[in-house]
């Protein structure tokens with residue numbers, strides 16, 4: 001009986017899978033007509049544009065509902081929405097801290113939540129959702145699983161089992177751990193034997209899938225990132241268009257915010273808007289050998305874009321955790337592959353690189369760049385250049401407003417605005433050609449004037465952006481929400497690799513409180529103020545004056561241009577984010593500080 005059940009499950013998997021092999025190993029299909037690459041100068045991908053147009057019909061009604069519920073005063077919601085304001089959600093890197101805190105923030109935006117917040121409906125109103133590194137685990141796993149609501153995910157308790165690290169996923173069960181790594185060994189080795197280059201990211205991506213793609217047969221071995229377009233939520237235009245961010249990195253080079261090539265991994269295409277590439281390739285056919293975008297034969301590779309591999313690419317900094325396998329009984333092929341990147345002094349510098357061979361952009365129309373000259377495309381963790389909040393994909397799409405959720409570990413594992421600063425600075429480099437990002441202050445100002453302890457809006461007045469661009473109305477209003485403690489000390493180490501269920505829930509609950517401002521308890525106008533930020537750029541474009549309600553909101557939340565020149569005052573995490581004491585947030589009354597959180601430096605202590 002068990003044999004027939006296994007056969008039936010295999011056949012069902014074949015039907016559901018879009019991979020031609022129903023395995024982790026890619027296969028071959030007939031090539032479509034024409035080139036598989038395109039120039040970024042052509043604008044948004046035609047399939048993406050068609051999806052966003054269909055999506056906006058849904059998003060418009062959801063945004064209308066949100067704005068009505070937000071009690072916008074003296075504002076004609078339905079008349080205004082004919083102007084099509086668009087929203088993008090950006091979730092930062094930061095390991096499981098970023099995934100879990102971001103999950104709570106996303107839950108606060110989701111109208112499907114069991115306990116809706118004052119911001120419920122923002123997710124349904126959004127056109128795009130972007131994640132990098134730990135944020136890619138959030139975006140990638142939810143999109144792959146049909147945009148499952150976070151609270152449903154927790155109730156079902158199948159995904160995001162992170163009670164043990166990836167290295168020993170089954171805890172003390174040595175037999176199951178050995179079987180898991182034996183299976184991963186077989187999958188990666190089979191891919192190599194089929195003629196495809198493999199790297200440590202293949203191993204890491206397959207391990208990561210045990211936590212993020214648990215609902216799929218064989219932990220999503222044959223589930224592709226391009227398969228997201230076949231999910232019910234995508235087919236019904238109910239999902240913000242999902243994007244994962246990574247960076248192009250040549251071996252033995254160091255990435256900076258002014259020289260990196262920011263790659264987008266979307267269900268339709270992969271590539272970059274940056275001058276160092278300005279090309280995209282069809283996601284379905286990555287792995288195909290191309291010459292200036294055209295297949296060199298009639299057979300195209302299909303199945304290379306494994307969803308776990310893509311999430312592993314965006315978070316490849318965590319490849320380093322696999323060095324713990326050197327002392328474990330794993331198959332020789334796997335041991336040799338991992339040892340190459342963890343023990344060899346030269347290769348160890350490149351442990352964070354995912355290899356895409358052949359390079360789809362080889363000999364492309366931008367052939368004078370290093371990327372186009374290389375036979376292998378090397379991609380790395382999306383946050384390695386300091387732009388730890390994936391803003392650029394949304395800037396290129398000229399959205400009206402960006403929610404920037406920052407879980408970075410800049411100072412004592414709290415954000416200090418560095419991610420936004422790096423993106424602001426980039427626009428003045430050659431790689432920043434064609435982008436504009438609103439003014440932001442330095443890190444000292446972010447921390448010491450409370451811009452990380454409560455939400456802050458940037459780019460509030462388009463007329464102040466004229467020195468950055470002529471197209472001032474294409475610059476988004478940025479709604480910045482930094483990780484901070486409310487009900488849990490959420491500044492856990494990026495490299496904390498396992499969380500108990502209590503810790504997991506604590507992180508998610510705190511993220512919910514960060515986004516919702518304790519579900520409106522700290523400001524009963526918070527939802528209205530968010531609404532004011534969403535509509536601001538379109539109001540300016542149309543010449544509509546702000547209401548008195550919105551003017552008051554902007555006085556409370558917009559950065560006013562102040563630059564702090566004094567001595568550091570220490571962290572300030574009072575409820576309001578405005579007082580001079582952190583007395584309410586210490587190990588005696590907030591959970592989590594003994595789970596990896598770092599104690600605060602109190603302002604009142606510094607003044608003594």
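Positions of Cβ are set from backbone N, Cα and C atoms, glycine also.
Under the heading domain 'PLA2c', Swiss-Prot lists 30-564, citing sequence analysis as support. Annotation comment: Swiss-Prot describes 259, 365, 450, 464, 491, 572 as N-linked glycosylation site. According to Swiss-Prot, the signal peptide annotation covers 1-17, on the basis of sequence analysis.
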Which one of the glycosylation sites (450, 464, 491) has its C-beta surrounded by the most other C-beta atoms within 10 angstroms?
491
I'd like to know the mean pLDDT over the domain 'PLA2c' (30-564).
94
What does the structure give for the C-alpha distance between residue 259 (N-linked glycosylation site) and residue 491 (N-linked glycosylation site)? Integer Å is fine.
29
Work out how many Å separate residue 491 (N-linked glycosylation site) and residue 450 (N-linked glycosylation site) at their Cα atoms, rounded off.
17
Inter-residue C-alpha distance, residue 464 (N-linked glycosylation site) and residue 450 (N-linked glycosylation site) (nearest angstrom):
22
If H, G and I count as helix, E and B as strand, and all else as coil, what does DSSP give for residue 450 (N-linked glycosylation site)?
coil
What is the number of other Cβ atoms found within 10 Å of the Cβ of residue 259 (N-linked glycosylation site)?
15
